[in-house]
C-alpha cells in the first residue's frame, strides 16, 4: 500500500515523471501531424524513440509512474500529442540531462518532418475539409460540356496579348522576317465556372494540348504568315488555365515567318515594316469579338537588334475585314525595323568616294602621260563597277531606283568625266606642237578664250571637286532627307 502523501503527489509532478519514464522506455510513441493554420491532425504516425539507460532515477519517480499508470490520470499518447514538448524541470544528474536533450531533438525533428505534407496527407486534408481537387472538378466540367456552343449566349469577347521573345532574322530577298512570340487569349466561359463546387483552389492548370481540344476556343490564327509552328521543347508549349468564375487563359509559344514591306527607295538608309494579322478563322465579329489588351505588345528583351536591323517601333491596331462569310475582326501588329547602314557607309560610300578621288590624280600627271592617266581612270571605273555589283546581289530584283544606285551612278559619271577630259587632253597633245581650242560660244570663254591641255587640267582639278561637293550636299540633305520625310 503506497503512502498517502505519495498518492497525493501533484498532478504536474506525476505528468513529468510519466513523460520522463515513457520517453526513456523502448516503445513506439504516437506522433500527430498538424495543420499549421487550423491545428487539425492530418495523420498519425509511429515514431520510434531509442531506449536510454535508466541510471540514477530516484524511487520517487518510479512510484509516481506506477501511481499515474494505475490511476489512469495521464496517458503517454495525450502528452505527446501536444504541439510543443514542455520540459521545465532540471534533472540533477548529467546523464539524465543528456538523455532528455536527445529525446527533445528527436521529437522536434519528427515534428518538422511532419510539416512537409505528402500527397496522402493532402488527400486526407481534402477529404476532411470536403473541398474538391482539380481532377474531380475537371472531370465534372467536361462531363456534359458542349465544345461547339459559343460562350456568352453566342457572342464572346476574346482579349489578346502578344509577347515578343526574339526576332531571328529579316530576309530581304523574299521580304519576310522570322520571330518567336507568346500569344495569350482571355475569354469567359460560364460553362467552365466551378466556384459552386467548393474547390480547394480558385484556378486550375490543366494539360493544354489535351484539354483545349475538349473545350470551346476562338480558333484564332495568324492569317498572313508563310509558316507557323508551335514550339515543342520537349513537349508542346501550350498553357491552359481555368478560373473558378469561368475565365479561361490560353497561352502558347510559336515561331512565325511573316511578310515585310519595303520599297527600297532610300536603301541603305531605309526601314522595314513587318505586319502580323491575327483573327478568328471560324467565327466572324458577331460571334467572336477580338480586342487587344490595354498593353497589347510586350517585348521580353529591352533591345531587339539584328546584324543589319534594329527594332525602332511597334504598335497594335484593329481593323474589320470583309470576307464572304461576313465581317471578321482582325488584330494587326506592326513592327518597324531601321537598317543599320554603318556597313554601307564604310564599304560602299567611303570606297566609292576614294575611287573618285583616285581618278582625279590624272589631272596632276601632266598632258604627256596619257597611258598612265588612262590606267588610273579605267581601274577606278572597274573597281567601282565591281563593288556596285557585289552590293546589289543581296537585294531583291526590283525596278525601283534605290538611293545607293543614285550614288554609284553619279560616282561612275564623275570617273567617266575624267576619262572624257583625258580624251580632250590627248586630242590637244596628239602632235608634237601643242594644239589650242578657241572658245567663242561658252560662258567659259570670258575667262579663257583659248584652252590648252595644261589649262584644261588645272580647271578640271578645281571644278571636279566643287561639283562633287555640291552633289553630296544635294544627295544627303535634299534627296535622302525629303524622301525620308515623305515616307
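Positions of Cβ are set from backbone N, Cα and C atoms, glycine also.
Because TrEMBL annotations are produced automatically, they should be read as predictions rather than curated entries.
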Expected hit for transmembrane segment in TrEMBL across 317-340, 341-364 is 341-364
If TrEMBL is the reference, give me the range from 407-428, 429-450 marked as transmembrane segment. 407-428
I'm validating the feature mapping. Which of 296-315, 376-395 is tagged transmembrane segment in TrEMBL? 376-395
Outside the transmembrane segment (341-364), six or more residues from its ends: residues with CB under 8 Å to it: 268-269, 308, 372-373, 376-377, 380-381, 383-384, 387, 391, 404, 407-408, 411, 414-415, 418, 421-422, 457-458, 460-461, 464-465, 468
Near the transmembrane segment (462-485), which same-chain residues lie under 8 Å Cβ to Cβ, leaving out any that are not at least 6 residues past its ends? 265-266, 269, 356, 360, 363, 403, 406-407, 410, 414, 417-418
Mind tallying the domain 'Neurotransmitter-gated ion-channel transmembrane' (352-436) by DSSP state, helix then strand then coil? 62 helix, 0 strand, 23 coil
